[in-house]
Amino acid sequence: MSQNQTAILKDEARSLSTSNKLFNRNYLMLFQGQFVSRLGNSVYNIAIMIWLKEMTDSGTIMGIFGAVTALPMILMSALGGAVADRFPRKAIIVGTDIISGLAMLVLAATFYLDMPPLYSIAGVFIAGMTMSTMRAFFAPAINAAIPDLVPEKRIAGANSMGKFSEKISQFFGYFFGSQLLMILGLPVLVIANGISYLLSALSESFIKIPQRLPEKARGFAAYLKAFKSDIGEGLRYIGQNRGLKKLLYLSIATAFFSTPIIILLIFYVRDFLKLGDQWYGYLLIDFGLGALAGTVLYSIFNVHGAGRKILLILFLMFEAIGYILLGRVSTAEQAMGLIFIGGVMNGFSTISIFTLMQITTPSKIRGRVFGTLTTLSGAIAPLGMALGGFMYDFFDKDISVIYSIAGGGIMVTVILISLSSDFRRFISYQTPEQRGHTGFSYTIKKVHKDQILEQKQRFIEEQFKKTRSQL
C-alpha cells in the first residue's frame with residue numbers, strides 16, 4: 001500500500017460515531033429492527049419454497065425462482081453502493097424496508113382474492129424480484145453505516161452481533177418454518193413477514209447515521225452521470241489498492257469453489273452418507289452453529305494486525321482441507337464434526353474480512369466497495385452452480401472427487417494470494433487505537449551540561465548536610 005493510500009486510511013477510514021459503546025441507542029435500534037425482519041423473512045423463505053414445490057412439483061420452476069430472485073441483487077448492488085454513498089443511508093435503509101413490507105402485504109392480498117394458481121405464482125415471483133432489488137440498495141447502505149454507528153474498536157463486535165441475529169433467525173426458520181406453514185397457512189405468514197419489515201422500518205426511523213454527503217447533482221441526466229462516475233471511482237479505488245484487490249480476488253474465488261459444495265450437499269447426504277433428508281437440515285444447522293461460534297470467537301479476542309494475518313490464512317486453509325476430508329469420511333458423526341469445524345473457520349474468516357474492509361475503506365466510498373464486492377462475488381456464484389452440476393454428471397456422481405477439487409481450488413487460491421506482500425500487509429492493518437501503547441513507554445529528555453553540573457552540586461550539598469546532622 002502506498003504512503004498516499006495509508007494517509008487516506010488514517011484520515012478518512014475512521015468511524016464517525018461519537019459513542020464509546022457498542023449497544024448505543026443508534027446501533028440498538030438498528031439491531032432490533034433487523035432482527036425482527038430477519039425472523040419474519042427466515043420463516044417466509046422456508047414456507048415459500050415448500051409452497052412452490054407443492055403448487056408446481058417442478059424442479060425447473062424452483063431453479064428459475066432462485067435465479068430470478070437472485071439476479072436483481074447481483075446486477076444492481078454496484079448501483080446500490082453508489083446510491084448509499086450519495087444519498088442519506090438512513091433514508092435508504094428505512095425506505096427499502098417499507099417497500100419490502102408493502103410488497104409482502106400486496107402479495108398476501110392476492111391469496112385472498114381467489115385468483116387462479118398461476119396468478120399467485122406470478123405474484124410470488126414479482127414479490128421475490130422486488131425484495132431482491134431492495135436488498136441491492138439495503139445491504140450496501142447497512143454495511144457502510146455500521147462502522148459509523150459504533151466506536152472503531154467495537155466494529156468487529158457489531159458485525160458479530162449482526163451475524164448472531166442472522167443465524168438465530170435462520171435456525172428459527174429451519175425449525176419452525178414448515179410447522180408454521182401447516183398451522184397458519186402461507187397468507188398469514190406473508191402478512192407477518194410484511195409487518196416485520198414495517199416494524200423494522202419504524203425502529204430504524206429513530207436512528208441517526210453520521211455521513212459526509214457529496215454535492216447534490218442537478219437534474220436526472222446529472223445524476224446518471226454522477227452515478228457512472230461514482231461507480232467508476234469505486235472500481236478505481238479497488239484497483240489502486242493492491243491489497244484490497246487481492247482480497248477481492250480471494251473472496252470471489254472462494255465463493256466460486258464453495259458453491260458446488262453447498263449445492264451438492266443434499267446429494268452428499270443421500271448418496272454418499274446414505275442418510276435421510278432430515279440430515280440435510282441437521283448439517284445446515286451444524287454449519288450455522290459453527291459459523292456463529294467463529295464470529296463470537298473473533299469478537300471476544302478482537303484479533304488484528306499480525307495475529308489476524310496468520311489466523312485468517314490458516315483458517316482458510318483448514319476450511320479447504322475440511323472440504324476435502326468430507327469426501328473421505330464414512331459416518332454422520334464424522335461429517336458433523338468436520339462441518340462444524342468448517343463453520344467455525346468460515347465464520348471467523350468472513351467476519352475478519354468484513355471488518356477489515358470496513359475499517360480500511362473511507363466512509364464516503366464504503367457503499368460502492370461493498371456493492372462491487374456483492375456484484376462480483378454474486379455473479380460468479382451461478383458459474384459455480386453450473387460447474388457443480390456438470391462435475392456431478394461428469395464424474396459419475398462421485399461426490400468425493402468434486403469436494404476434493406473444490407477444496408483443492410480454495411487451497412491453491414489461498415496459497416497463491418498469500419504469497420503477495422501487498423495482501424499480507426493489507427490484512428495486517430491496524431487502526432491507530434490497535435497500534436496504541438504496549439504498556440511500557442519512556443521519554444528521552446535532552447538535558448544541557450550546565451543542568452547536569454547544577455544537579456550534581458545540589459546532590460553533593462544535600463548529602464553533606466545529611467552527614468553533618470548525623471554527626
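From the backbone N, Cα and C atoms, a Cβ is placed for every residue, glycine too.
Copied over from TrEMBL:
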type	residues	note
DOMAIN	26-424	domain 'Major facilitator superfamily (MFS) profile'
TRANSMEM	35-52	transmembrane segment
TRANSMEM	64-84	transmembrane segment
TRANSMEM	91-113	transmembrane segment
TRANSMEM	171-199	transmembrane segment
TRANSMEM	247-267	transmembrane segment
TRANSMEM	279-298	transmembrane segment
TRANSMEM	310-329	transmembrane segment
TRANSMEM	335-357	transmembrane segment
TRANSMEM	369-395	transmembrane segment
TRANSMEM	401-419	transmembrane segment
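A contact links the transmembrane segment (369-395) to the transmembrane segment (247-267), because at least 3 Cβ pairs that are 6 or more residues apart lie under 8 A. Touching of the transmembrane segment (310-329) and the transmembrane segment (335-357) is concluded from the presence of at least three CB pairs under 8 A, sequence neighbours closer than 6 excluded. Same-chain residues lying 6+ beyond the ends of the transmembrane segment (401-419) with a Cβ under 8 Å from its Cβ atoms: 246, 249-250, 253-254, 256-258, 260-261, 264, 268, 313, 316-317, 319-324, 326-327, 388, 391-392, 395. If you average pLDDT over the domain 'Major facilitator superfamily (MFS) profile' (26-424) in this model, you get 87. Residues 33, 36-37, 39-48, 50-51, 97-98, 100-105, 107-108, 111-112, 281, 284-285, 288 of the same chain lie 6+ residues outside the transmembrane segment (171-199) yet bring a C-beta within less than 8 angstroms of a C-beta in it. Long-range Cβ contacts of the transmembrane segment (247-267) within its own chain (Cβ-Cβ under 8 Å, at least 6 residues beyond either end) map to 238, 277, 280, 283-284, 316, 323, 326, 353, 356-357, 372-373, 376-377, 380-381, 383-385, 387-389, 391-392, 397, 399, 402-403, 406-407, 409-410, 413-414, 417, 423, 426-427.
Note on the transmembrane segment (35-52): residues 61-62, 65, 97, 100, 104, 121, 124, 128, 165-166, 168-170, 172-174, 176-178, 180-181, 186, 189-190, 192-197, 199-200, 203 of its chain, located 6 or more positions outside it, place their CB under 8 angstroms from a CB of the stretch.
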